[in-house]
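Have a look at the structure below, then the notes.
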Amino acid sequence: MEKFEGYIFTALCSTNFLVSCLLFSKITREQREPYMDEIFHVRQAQKYCYGKFNEWDPMITTLPGLYLASVGVIKPVVWLVDLTGKVVCSTAMLRFINLLFNCGILYLLYLIICKLHLKEKTKTASRRVLSALSLSTFPVLYFFNFLYYTDAGSTFFILFTYLMTLYGCHKASALLGVFAIFFRQTNIIWVAFCAATVVANKMDETWRTEQSKKKDDKLPCQIPFSVSGVKRVMRFLLEFLTTANHVKAVTLVAWPYILVAVGFIAFIVLNDGIVIGDRTSHEACLNFPQLFYFFSFALFFSIPTSLCYHRALRFLQTLKKQPLLYLVITGLCLLLVWKFTFVHKYLLADNRHFPFYVWKRIFQKHEAVRFALIPAYVFAAWNFVDALKSRSLFWILAFLVCLLAATVPQKLLEFRYFIVPYLLYRLHMPLPSLTRLVLEFLFYTAVNAATLYIFVNKTFQWPNSPAVQRFMW
């Protein structure tokens, strides 16, 4: 980090933390008691604070990473400043842990951006800093910095895991991956993604070597979407994965991740599944439209950085050049939406979440709406892949496979589940211009202001309950 850039980044970090603290104070004053899932998380964390590590709330479905991290931070502070009474492990103190995670997330985002966009380092100091700041205020993630949920800690450890992978510190990466899994079991998918990027790098090296021997300088990301192109890639993948030398080379580098995978499989066998506690509301299914919802979500939040007239025009040109391919894709989407749309009971029952209103006011308007949206899904998916075209084909394949694994089995439409894949997508896009980054930051700020205002001021009550209810992501 250059000296001037370091000063600017430090100033922005301090300002971001100050603003977050002021918002935190306002939200905590308005909502002093645990709200929604906080009821279970706060109660469990307080048990850990009092040394009751053998007691567990059966309604909690994630591992105790959040509570262990909270106790690990709070207990030394309590000892140093000699705190006593109700303030120790209070709801406010536990929530504040996520603000600390947010500071770490901002720094990790900056380091990842510097690593991924190393070639542009001499010209893009302000863009790197602003990009990290903007992403740290990503609305769905930023909102949960003020509540005691697992999202901030989970995102922090996944980003830390990926940063270590980028630096080639695979043992440290695997260890951090274990911490991430302790926050949310499904993070095993993103630990697997880190391992897959190692494999993708080896494939890239092998591909270049083979193409240089054939005097063909085409990179994998330049292979056209054609039958011959697909056959070429599939043949290469099959040869790579069945060649002993290649498998050995990958294993020698990726063995820490393999150990994590083996440990996770052992956990699944012993636990008889991924979910702990209440399993009835977390049943896996093949909800393929979840992938389409994610592409739409990614398109919406990346509008300032990914959409432009030239990209839209290129999409229309692609449709014109390959109408049959897109006709087949549209037909497949129709089939998946028709046969594999699942609606979780919580989505229809809980009117405190924004997805409830998305579903009610869009998808429930008419049975045909879910099919009418398919052209938009196709464009959103194309835009998603096109924004990543600077990455190698093998990296894109690894990312898409992990994205599929992270979204499709989820029955519940929950925007929080999209945080990690969106951040990874946005981080790997080419670094946007300063103007676009300013627009993105202003867009995120406006969404954050609206959602926090609604949460604080637009309260309501259910007919059968005197408790104050609030709208949230």
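Glycine is no exception: its Cβ is also placed from the backbone N, Cα and C atoms.
Feature annotation from TrEMBL assigns transmembrane segment to 6-25 (among others).
Same-chain neighbours of the transmembrane segment (60-81): 40-41, 44-45, 48-49, 88-89, 93-94, 97, 100, 148, 150, 153-154, 157, 179-185, 275-279, 281-282, counting only residues six or more beyond its ends whose CB sits under 8 Å from a CB of the stretch. The transmembrane segment feature in TrEMBL is assigned to 60-81 (among others).
As annotated by TrEMBL, transmembrane segment applies to 93-118 (among others). Tertiary proximity for the transmembrane segment (93-118) is limited to same-chain residues at least six positions away from its ends with a CB under 8 Å from its CB atoms, namely 1, 9, 13, 16-17, 20-21, 24, 28, 41-42, 45-46, 66, 69-70, 73-74, 87, 124, 128-129, 131-133, 135-136, 141-142, 144-149, 151-153, 155-156, 159-160, 162-163, 166-167, 423, 427-428, 431.
Beyond the ends of the transmembrane segment (130-150), by six or more residues, the same chain brings 9, 12, 16, 20, 23-24, 27-28, 34-35, 37-38, 41-42, 45, 62, 65-66, 91, 94-95, 97-99, 101-102, 105-107, 109-110, 113, 183-184, 301, 415-416, 418-419, 422-423, 426-427, 431-432, 434, 437-438, 440-441, 444-445, 447-448, 451-452, 455, 472-473 to within a C-beta distance below 8 angstroms of the stretch. Per TrEMBL, the feature transmembrane segment maps to 130-150 (among others).
The feature transmembrane segment is assigned by TrEMBL to 156-183 (among others).
What TrEMBL records for 249-270 (among others) is transmembrane segment.
As annotated by TrEMBL, transmembrane segment applies to 290-312 (among others). The list of residues near the transmembrane segment (290-312) in space but at least 6 beyond its ends in sequence, with Cβ under 8 angstroms from a Cβ of it, reads 138-139, 333, 336-337, 373-374, 376-377, 379-381, 383-384, 386-387, 403-404, 407-408, 410, 413, 415, 418, 421-422, 425-426, 429, 432, 436-437, 439-440, 443-444.
If you look up TrEMBL, you'll see 324-348 (among others) marked as transmembrane segment. Long-range contacts of the transmembrane segment (324-348) within the same chain, counting only residues at least 6 positions beyond its ends with a Cβ under 8 Å from a Cβ of the stretch, are 225, 281, 285-289, 292, 318, 355-356, 359, 370-371, 374-375, 377-378, 411-413.
Taken from TrEMBL, the feature transmembrane segment covers 368-385 (among others).
Note on the transmembrane segment (392-413): residues 186, 189-190, 192-193, 196-197, 199-200, 203-204, 207, 219-221, 223, 233, 281, 283-288, 290-291, 293-294, 342, 344, 346-347, 355, 358-359, 385, 420-421, 424-425, 428 of its chain, located 6 or more positions outside it, place their CB under 8 angstroms from a CB of the stretch. Annotated transmembrane segment per TrEMBL: 392-413 (among others), in sequence order.
Residues annotated as transmembrane segment in TrEMBL: 433-456 (among others). Through the fold, the transmembrane segment (433-456) approaches residues 23, 26-27, 30-31, 126-127, 130-131, 133-134, 137-139, 142-143, 146, 301, 303-305, 354, 470-473 of its own chain, all at least 6 residues removed from its boundaries and within a Cβ separation under 8 Å.
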Cβ-Cβ under 8 Å with the transmembrane segment (249-270): same-chain residues at least 6 beyond its ends: 170-171, 173-175, 177-178, 181, 188, 191-192, 194-195, 198-199, 202
